[in-house]
Amino acid sequence: MLIIETLPLLRQQIRRLRMEGKRVALVPTMGNLHDGHMKLVDEAKARADVVVVSIFVNPMQFDRPEDLARYPRTLQEDCEKLNKRKVDLVFAPSVKEIYPNGTETHTYVDVPGLSTMLEGASRPGHFRGVSTIVSKLFNLVQPDIACFGEKDFQQLALIRKMVADMGFDIEIVGVPIMRAKDGLALSSRNGYLTAEQRKIAPGLYKVLSSIADKLQAGERDLDEIIAIAGQELNEKGFRADDIQIRDADTLLEVSENSKRAVILVAAWLGDARLIDNKMVELA
């Protein structure tokens with residue numbers, strides 16, 4: 001496995017792969033890798049000749065400096081996991097390598113609408129940071145496919161739109177959420193939970209599933225469903241942050257024409273902001 005930290009060396013390797021006619025898959029990450037990331041890697045390996053994993057804690061997508069400062073940096077352990085998975089290339093640049101003149105004056109990519117609604121409304125600038133770094137990685141790696149987790153549902157929708165709008169010739173693959181046996185969605189942020197909070201955490205998925213059951217049973221008073229779900233989360237020990245039921249294809253409000261809904265839940269548990277989602281077919 002090759003570990004590359006600079007743009008010139010990355011370009012050199014990508015040129016070589018292109019000359020050899022290899023099909024390249026990219027898995028963009030911020031490191032602190034868990035089994036959910038490994039599922040992305042496995043999907044990439046199944047679809048391409050060469051797998052490139054990027055590890056970069058992107059300062060542009062953090063709306064709170066304290067979150068950026070405490071985000072775990074575990075490069076050595078991450079590389080050991082990726083080596084066992086037989087990943088071909090790891091791109092692990094420094095912030096200086098990606099943003100040589102800082103982030104304030106760096107050119108950015110913004111996806112109107114999707115970047116400022118829902119999760120974007122509570123985290124100003126977050127999705128602009130995501131679309132900027134992902135577009136830069138697409139330009140650098142020139143992948144045929146790129147794999148993203150469906151846990152970050154809005155992020156996946158945003159990237160799909162950016163790819164369509166910008167004309168990137170890249171297949172975007174959404175990989176289903178990987179869960180612990182108790183239902184908790186795997187996330188790097190789970191590492192912020194205490195042992196006691198970890199016991200409470202699966203309650204998020206239980207509330208999510210309860211909302212899904214109500215929708216599948218034909219209930220359509222969304223305001224009431226959301227209000228009850230918020231109460232349930234708070235009673236379980238969470239601080240409900242945002243609960244949305246949206247059209248899964250547009251992320252707009254559910255209408256009589258909506259065929260699928262997505263339930264998006266965000267809640268605080270101690271210092272960890274946990275997110276999860278679930279799709280529901282609407283009869």
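Backbone N, Cα and C define each Cβ position, glycine as well.
Predicted, not measured: the structure shown is a model, and the values here were computed from it.
According to Swiss-Prot, the feature ATP binding site maps to 30-37, 149-152, 186-189, an assignment based on sequence analysis. DSSP assigns Asn32 (ATP binding site) to coil in the three-state reduction, placing it in neither a helix nor a strand. With a cut-off of 8 Å between CB atoms and residues at least 6 apart in sequence, the same chain places Tyr71, Pro72, Arg73, Thr74, Asp78, Ser188, Gly191 near Asn32 (ATP binding site), listed in sequence order.
A sphere of 10 angstroms centred on the C-beta of His37 (active site, proton donor) encloses 26 other C-beta atoms. Feature annotation from Swiss-Prot assigns active site, proton donor to His37; the stated evidence is sequence analysis.
What Swiss-Prot lists as beta-alanine binding site is Gln61. Of all Cβ atoms in the shown protein chains, 22 besides its own fall within 10 Å of the Cβ of Gln61 (beta-alanine binding site).
Look at Gln155 ((R)-pantoate binding site): DSSP puts it in a helix. Positions annotated as (R)-pantoate binding site by Swiss-Prot: Gln61, Gln155.
Using a 10 angstroms CA-CA radius around Gly149 (ATP binding site), the recorded positions that qualify from His37, Gln61, Gln155 are His37, Gln155. For Leu186 (ATP binding site) paired with Gln61 (beta-alanine binding site), the C-alpha to C-alpha distance reads 20 Å.
Taking a C-beta cut-off of under 8 Å and a sequence gap of six or more, His34 (ATP binding site) has these contacts in its own chain: Leu186, Ser187, Ser188, Asn190. Taking a C-beta cut-off of under 8 Å and a sequence gap of six or more, Met30 (ATP binding site) has these contacts in its own chain: Ile55, Phe56, Val57, Asn58, Tyr71, Ser188.
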